[in-house]
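According to TrEMBL, the features are:
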| type | residues | note |
| --- | --- | --- |
| DOMAIN | A:76-262 | domain 'ABC transmembrane type-1' |
| DOMAIN | A:332-524 | domain 'ABC transmembrane type-1' |
| TRANSMEM | A:32-55 | transmembrane segment |
| TRANSMEM | A:75-100 | transmembrane segment |
| TRANSMEM | A:112-131 | transmembrane segment |
| TRANSMEM | A:143-167 | transmembrane segment |
| TRANSMEM | A:197-219 | transmembrane segment |
| TRANSMEM | A:239-263 | transmembrane segment |
| TRANSMEM | A:284-315 | transmembrane segment |
| TRANSMEM | A:335-358 | transmembrane segment |
| TRANSMEM | A:370-392 | transmembrane segment |
| TRANSMEM | A:398-415 | transmembrane segment |
| TRANSMEM | A:459-481 | transmembrane segment |
| TRANSMEM | A:501-522 | transmembrane segment |
Amino acid sequence: MPAFSNVPVRYDEPLADAPAIAGRRTARTPRLVVIAAVVVAAVLVAPLIVVFGQAMSAGTAEASRLLLRPRTVELLRNTLLLVAITVPVTVLLGCGAAWLVERTSIPYVGIWRGLLLMPLAIPAFVSSYAWTSVLPSVQGLGGAVFITALAYYPFVFLPVAALLRALDQDQLDSARSLGSSGWDTVRRVVLPQLRPAIAGGALLVALHLLAEFGVLQMMRYPTFTTSILQQFAVGFSNAAGSLLAAVLAVLCLGFLAVEILFRGKSRIARLGPGTRRRPVAHRLGAWTVPAILGLAVLVALAVMVPAAIVARWLARAVATQAVDVGPLLAATGSSVGLAVLAGLVTTVAALPGAWLLHRYPSRAAVVLERVTYISSALPGVVIGLALVTLAVQWARPVYQTAALAVAAYSILFLPRAMVSWRSGLAAAPTELIEASRSLGVSGSATFARVVLPLVLPSALTGFVLTFLATVTELTATLLLAPTGTETLATAFWSASDELDYVASAPYAAGMIALSVPLTVLLRRQILDQR
Amino acid sequence: MTSAGIVISELTVGYGGPPVLDQVGLRVRPGGTTAVLGPSGSGKTTLLRALAGFVRPTGGRIEVDGKVLTSGQTMIAPERRGIGYVRQDGALFPHLDVTGNVLFGLPRAERRRATQVAPLLELVGLSPDLARRRPDQLSGGQQQRVALARALAREPAVVLLDEPFSSLDTALRAATREATLTALAERGATTILVTHDQAEALSFADQVAVMFDGKFVQIGSPADVYGSPATPQVGSFLGDTMLLPGQGAGPIVDCELGTLTLAEPATGDVLVMIRPEQLVLEEPSTALTARVVSVAYHGPDAIVRLSLSNSTSRLVARVPGHRVPQPDDLVGLAVPHAVLAFPSHRRPADGTEGAPTGPDWRNGRVGTASAGSDS
Amino acid sequence: MRRRTFLTGLGALGTATLVGCGSKSEDKYVADPGALQVYSSQHENLTKAWAEAFTKETGIKVQIRKGGDSSMGHQIVAEGAESPADVFLTENSPAMTLVERNQLLAPLEDATRNQVPAHLTPSSKAWTAIAARSTVLVYNPAKLPATDLPKSLMNLAGPDWKDRWGCAPGGADFQAIVAGMLAGQGEQKTKDWLKGLKSNARALQNNIATMKSVNAGEIPCGVIYHYYWYRDQVGTKEGSGNTKLHYFRNRDPGAFVSLSGGAVLAGAKKPAEARKFLQYITSKAGQKVLVDSQSMEYAVGVGVPSAPELPPLATLQAPPVDPFTLNSDQVATLMTDAGIL
């Protein structure tokens, strides 16, 4: 079963005579799950409280001086413009590619699926460096959109492809038989079903854009986040940076609300007996070659060019014998260790909130889920410093241990797991849970025997997405990882800071090499069928 | 008070607004089969969900074989009720094959042995060859039967069926229903079937409970509720009826069809309920003559639409298939058996009885013969 | 079944990693309690070279925590008196001043301070210079003939320099330069100059990006620190082959020399070893390590010549500025008001 819901029959009306939502709410909310969700939300909100506290310390005079000036408007405009252009572009690229791969007669589907997910394996700052080194004119808003759209479209492609693959042909046929044209069917039957998937993917893209620093700095495109980092670099107090970060958090709240509106209330799950029919592939005919070319160009721009340039550095590094295998292996080891832990912890931590929202939807559940997104929209250094403050004050024993670093990764990357869970849980509709309970199986056993097997592909997706992000995370790692820990990302940073791209190449290549096999694992998400 | 079977008393379920179930009471004898019949939205499914433990009632009490499942603060968890529940969609676990589904509720050791699968499949009329199929490799009827086998595997004392046949086509439906009845009878399970199909309810159950708007309006044997409905609405819901205004005079009533015998005495303004099969066509020699407007031939029988010469009323008669008149024929009418009469303020239009407002009510069954509208 | 296999595999991997982390914990995943904790935002190669030489000389183990100037400075402030750091080394002085203002530094020993010329030590005497870098103008002779070079950094704010130069105003490096200008030229002139920068200059990511932009001919010249250019020259010349350096000299704000700082933390757990470390890296032997490290930064120790490729520090005619009085708060305010940050 694909995690991004199965055989999607949409039904907004109540199941039978009871209102569906109300009916589900009457089941008693399990206290342990609520406690777990509240604890997770509290951990995620704690750094925000520190940030807001520091922002308040600036005082109203300083705050108005900082916020009520033309530069703020410029940063706001830049940030919003970037999001407003990049998000639709990623949606178009992601949906277009997904449609070509999953619903048309395009050849070599398996290969395309893997290649199209591959940008997830290439850190955006590596690809932006690669691009500027061959094409210096890649910069400004255009360059920023170009790099970020190519880097982030897989966040949309992945869930949409899974959903398109699982789409029920009967539904499309009945839409056609009800007199709607091909495009009309897409608009009225397919798109509404894709909405939650698109919304979740687009939200991830938007959050990344809010927090993105390296790429935009290289593109010379100032946004709130680049400005926050400069305030931290130049200012003596971090009040100004925190103040801007608070604005960013508010901006993020806006995006979260928009996502809720766009997602709609629809619940997607299969209902009714009868075998679902596999979708019929749209015959491309003469369009086959242009379609292949289109995908090839996308993959070339997003993956091949950066990979080729890293390969070139690496070749030079090997030729000059600049590759030091010992440190490389040690850094790979720490990266894998931290990333596996972060992946597991984050995936598990996201579950209570996602589960509550799925099974016991209520305003409180929505709030618990939503607050987990805010921290990820802030730059890593802001969250990292807030965690330093918190840990030194309240959790001294874990300060500068792997545990705190893993907590920081979870705080920063929880949305990746949350979005995966949310689409995955749609594959385990309430009906199946009730069926299990009425067969004498308790709630927790039902979770283990029914829910978990059904949502495993999405759990895996959440794990992999968090793993990939952790491997390339830099700022929080520098601040919070145990002293002496060298990861691939920190080693790459040191080497490139030393102006030594040849020496940094093995670490960049290491990050990519580590990520590629995991990215391939993501294909399961699309492939897995009931 | 303890007693075997299902005892539901004063059960109320609400979600904040008007109650979905309003002080409902019902008894089902051990091993008995009760059909809960009612239009969509009347609360049938909520009743089943409350029985199964998925809905927490706001009041009332549910007992099964003397054990209190729901009462006040008591709310036994669904898995500890021993109640099998088969949904409209089957709700098979997509990640498990037929064997995995059927044995799902059994202890681990029994799941390992898997010896019960074949008998259970046979019990519901499925070939044991299907044991390794996955749900998406089964037809709708097969899925439904697997769902039943799954529910029966634990040998529950009570089985709840929530419109399990509604999404199957006619032939499959009859066969699946037959297999289900046989299987349930063999196991002696106490069964509640929820349906909005009156034929299904009448043929399946030994007791029919008619629910409108979260209340039972009549509970009785199939023949009772069909032949002696408590209200015109119940009568109409269970089958085509004609309601004619009349004047009751004790054991007889006067209406457009003449003077008819009443099953129960009545006086004053009444509505006379006549089912199409009660109207007998004769040679046009009798006092009452009508003209055939149209004929719908069904094979074993036919539906004949008639108009009375001196009235705008339209009548409907169901006649045996071998004696079907032609349109425009003149025929005589007779009502040889006793009919029912209801005080006429109980007409649906008054709404005083809180007549069901579902589409079934408005469009179909009443409309076929709402006579006597001209006065 | 495949699913179960996979779950088991993932669980095993996680456990293995956990166990792996646990077993390594003596040497790798926690601060080594036996080692001197050095927080360094200096370039990693140089810090490592110092640490190794120091350990060799004294037998004292050193563990380095690396980071960027500003985040590390803020980190130590957030850690407060609880900071695990014994020694703090920076790339530029403002991060050090940030920590100093929070009263987290221990006073400097005279023996250490005397190893560095007095004019390279802040008046507060809480920290010492450990290395220095000079502001330079990197230019592309093909786009900007040597005869057209500006006489002063201040000239670059003029209208004739619109879109003709670049710098990395968002970094700590550049902030030090502006702080030097503020100290030497006063608020009004600095304000005007920043206004000119906003309209004239291309804002680049960092010094390297600035140099490469000049090298590629995208902009005729740019303001950077000297050592980026020399390192590239010693190496591949990939980023600087088409460029030359211009020194402003004449005590011009453009001749500003920025100091890398070193200090002992007030809350150091190993204060004696920490003082020893600081004394070592400013000693002749320590400064020799700097020169040999190819970092191309200026040595600051008395009587230690810098790398032979560099023009001697004394010939640069840097403006006299007390690093302690560099008012970073005001710089941040001015740059924020100018709309650069």
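Yeah, the Cβs are placed from backbone N, Cα and C, and that goes for glycine too.
Heads up, TrEMBL stuff is auto-annotated, nobody curated it.
Worth saying up front: this structure is predicted, and the values here are computed from it rather than measured.
For the transmembrane segment (A:398-415), the partner stretch with the highest count of Cβ pairs under 8 angstroms, out of A:32-55, A:75-100, A:501-522, is A:32-55.
Between the transmembrane segment (A:32-55) and the transmembrane segment (A:239-263), the number of CB pairs under 8 angstroms, six or more residues apart, is three or more, so the stretches are in contact. Counting Cβ pairs under 8 Å that are 6 or more residues apart, the transmembrane segment (A:239-263) and the transmembrane segment (A:284-315) reach fewer than 3 and are not in contact. Across the candidate stretches A:112-131, A:143-167, A:335-358, A:459-481, A:501-522, the maximum count of CB pairs under 8 A to the transmembrane segment (A:197-219) is reached by A:143-167. When each of the listed stretches A:284-315, A:335-358, A:459-481, A:501-522 is scored by C-beta pairs under 8 angstroms to the transmembrane segment (A:75-100), A:284-315 comes out highest. For the transmembrane segment (A:459-481), the list of distant contacts is 3, 120-121, 123, 125, 158, 334-335, 338-340, 342-344, 346-347, 350, 379-381, 383-385, 387-388, 391, 400, 402, 404-405, 408-410, 412-413, 416-421, 424, 452, 487-490, 493, 511, 514-515, 518-519, 521-522, 524-525: same-chain residues at least six beyond its ends, Cβ to Cβ under 8 Å. Tertiary neighbourhood of the transmembrane segment (A:335-358): same-chain residues 29, 33-34, 36-37, 40-41, 43, 365-366, 368-369, 372, 402, 405-407, 409-410, 413-414, 416-418, 420-422, 425-426, 428, 459, 462-464, 466-468, 470-471, 477, 481, 485, 487-489, 510-511, 514, selected by CB-CB distance under 8 Å and a gap of 6+ residues from either end.
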